[in-house]
Amino acid sequence: MLGVALIVFVVGRMAPGDPVQILFGDISDPLLEARARAKLGLDRPLPIQYGRFIVSLARFDLGSSYAYPGMPVSKIVGSALPVSMALGTAALIVSALIGVPLGIVAATHRRSLLDGGIRFLTLLGVAVPFFVVAIWLVLVFSLRLHWLPVSGWGEPRNLVLPIAVLMLRPMAYITRITRLSVLQALGEDYIRTARAKGLPRGIVTWRHALRNAAITIVTTAGLALSLAFTGAFVTEVIFGIPGMGRATVTAIFQRDYPVIQTVVMLYTALFLLLNLLMDLAYAFLDPRIRYT
C-alpha cells in the first residue's frame, strides 16, 4: 500500500496542470493564488506534502477537495462508491448467470457449430473496448429505437445499457473459463464412472463436472468483478452515472489530488480484499486446500 501511495502521489504531482490555476480559471490574481496554494499546502516541498499525505492516510483523514473547497473527500467518495458498487455487482451477477450456462453448453457441444458460435462471441466480448460497446448500444437502443434513455440514474430503465456494457467482457471471460474447466472435468475418471453407472447427462455435467470446475470459475469471477469496476470509469462518464468513475475523471481534469489519491488507494484496498475473499472461497469449495 505504501508503494501505491508513493506512485499515486508522484504521478499526480508530475501531471501537467495546476489545481489552483484551474480553480481560479481565467481570474488571475497572484496574491489570491498564493493564499490558496498555502491553504492547500501546495507551497510546501514535495517530501513534506508526501509526509502529510501518509500521516493523513494513517489517521483515515481523507481531507477536503481542492475543486470544491470545504467539501470533505469522504462525502464525495461516500456518495459515489455505493453507485459504482451496485453497478459493478449487478454486472457481475448478470455475467455469471449468462456466462456459466453458455460455457457449459459450449463444453457439452464441443467442436459443434454452437460451440464455435459461442467462442466467437466471447472473442468479440474480450476484444471490443467498453466505450465502443457503449456507443453502439446508445446509437441502436437510444437514438434509433428510442427504447432506453441515454443517461440518468435512479430508475430501472437507466441501468439496462450500463449493465449491458459492463457485463460483456466479464461474461466473455466467465464463459471461456467455464468451458475449459468443464471440458477438463468431463475427461476425469470419476465422470466416466458416473456415466458408466447410468447417471443422466445433465446430472453428470451440472452436479459433478461443474462442482469440480467451480474453483477456476470463482477465480474468473474475481477477475470479472475487477473488470466491471475498471470498466465503470468509462461507462459512468458516457451514461452520466454519478459513481466513482465519473468522480475520478472529473477529479483528474480538475487536478483534485485528494480525490484522486483516495480513489486509487480505495480501489487498491478493494482489490486486495477481493483477492483475500477468493482465497477463502478456494478453501470452502475444495476441502483439500488448507491455509496454515
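Yeah, the Cβs are placed from backbone N, Cα and C, and that goes for glycine too.
Because TrEMBL annotations are produced automatically, they should be read as predictions rather than curated entries.
The feature domain 'ABC transmembrane type-1' is assigned by TrEMBL to 81-278.
What TrEMBL lists as transmembrane segment is 85-108 (among others).
Summarising the annotation, TrEMBL assigns transmembrane segment to 120-139 (among others).
Summarising the annotation, TrEMBL assigns transmembrane segment to 159-175 (among others).
Same-chain neighbours of the transmembrane segment (213-239): 83-84, 87-89, 91-92, 95-96, 99-100, 130-131, 134-135, 138, 150-152, 158, 161-162, 165-167, 169-171, 173-174, 177-178, 180-182, 184-185, 245-246, 248-249, 267, 270-271, 274-275, 277-278, 281-282, 285-286, counting only residues six or more beyond its ends whose CB sits under 8 Å from a CB of the stretch. If you look up TrEMBL, you'll see 213-239 (among others) marked as transmembrane segment.
According to TrEMBL, the transmembrane segment annotation covers 259-285 (among others).
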Field: Tertiary contacts of the transmembrane segment (85-108), as residues 6+ beyond its ends and Cβ separation under 8 Å
entry: 114-115, 118-119, 122, 159, 162-163, 166-167, 170-183, 186, 201, 205-206, 210, 217, 221, 224-225, 228-229, 232, 235-236, 241, 243
